[in-house]
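Sequence annotations record features per position, and here TrEMBL assigns active site to His216. What TrEMBL records for Ala117, Asn186 is NAD(+) binding site. Residues annotated as domain 'Aspartate/homoserine dehydrogenase NAD-binding' in TrEMBL: 12-106. Taken from TrEMBL, the feature domain 'Aspartate dehydrogenase' applies to 164-250.
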Amino acid sequence: MQRTVTRVGVVGWGAIGRTVGQVLAQGRLAGAELTCVVDNRPLHDIPVPQATLEQAIEECDLLVEAAGQSFVREWGTRVLEAGTDLLVASTGALTDDEAAAKLLAAGPGRVYFTGGAVGGIDLLQAARGLGGFRSVRLTTTKLPATLEQPWMDAELLDRMRTATGPVEVMRGTARDVPVKFPRSTNVAATVALAVGDPDRVEVSVVADPAAVRTRHVIEADGDHGSYRFEVDHVPDPGNPATSRIVPHAVLRGLAAITGTAGQIL
Ligand SMILES: NC(=O)C1=CN([C@@H]2O[C@H](COP(=O)(O)OP(=O)(O)OC[C@H]3O[C@@H](n4cnc5c(N)ncnc54)[C@H](OP(=O)(O)O)[C@@H]3O)[C@@H](O)[C@H]2O)C=CC1
Ligand SMILES: O=C([O-])CC(=O)C(=O)O
């Protein structure tokens, strides 16, 4: 018999997971209910029990990953092999070809990806049917503090901290960049997933003290047309590396998966 309500577990109770979990717990997404939450830390004031990953896999039909790239790399395949579906926010985990191939081939659970902070992903993916793109560029601009990384040298950190205008902190492909900014440039990997080639997507990461809104600009050019998608997001107040829209993109994806009528896929 087909289950009518999808039992959802949220992995990572942070900027994304908390909003997704609260909407589900309030019964605001038809066809889905929050069953449990998994997090590294002991949690208080959560609407459902905190569970271990093993318990969550056992109890849930689908897990929402809102924890980080390393969770996807370490546990993604195991979740799918247990027959539990996985909706991934940390798409940057897929820039390693071998890990990506394993995850995409695993089952019987199904893996899904959120469009997250970027739009136009559906059109970029559709263009593969027309032969794809000659060039794809993504420029991500964020507040400097959200882009600081342990691998940065003192000179670069100083330039970022004292900047009075935009500073390009990395230029590379969608294969290189999400590994260097694991909590901040998953969007590059998402664009690469849509286009089908992380090496084809050129990425520029810009730190700008004036970027009170996070900006992502995608420019793609092919024989069939040119496309430009530009978004300016208000960051999450608790975690300004993440835009406020992201949990709502996850929820929209969940609504499509759980079969609510009227979704644009
Ligand atoms: N696709 C997109 O557009 C976007 C994707 N993302 C991805 O989503 C992830 C989550 O974002 P966000 O909610 O803002 O992050 P937060 O840092 O706000 O929250 C993440 C939570 O997950 C916990 N956590 C980390 N690792 C594990 C683990 N292995 N098991 C259980 N819990 C874990 C963290 O705990 P602790 O702090 O103790 O580690 C923290 O409580 C980001 O790391 C990023 O990869 C984010 C923004 C946009
Ligand atoms: O939320 C955003 O704007 C983008 C982000 O952090 C990411 O791609 O990881």
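Numbering starts at 1 and runs along the chain as displayed.
Placement of Cβ uses the backbone N, Cα and C atoms for every residue, glycine included.
Taken through DSSP, the domain 'Aspartate dehydrogenase' (164-250) splits into 19 helix, 34 strand, 34 coil.
Sorting the recorded positions Asn186, His216 by the number of other Cβ atoms within 10 Å puts Asn186 first.
Helix, strand and coil counts under DSSP for the domain 'Aspartate/homoserine dehydrogenase NAD-binding' (12-106) come to 45 helix, 16 strand, 34 coil.
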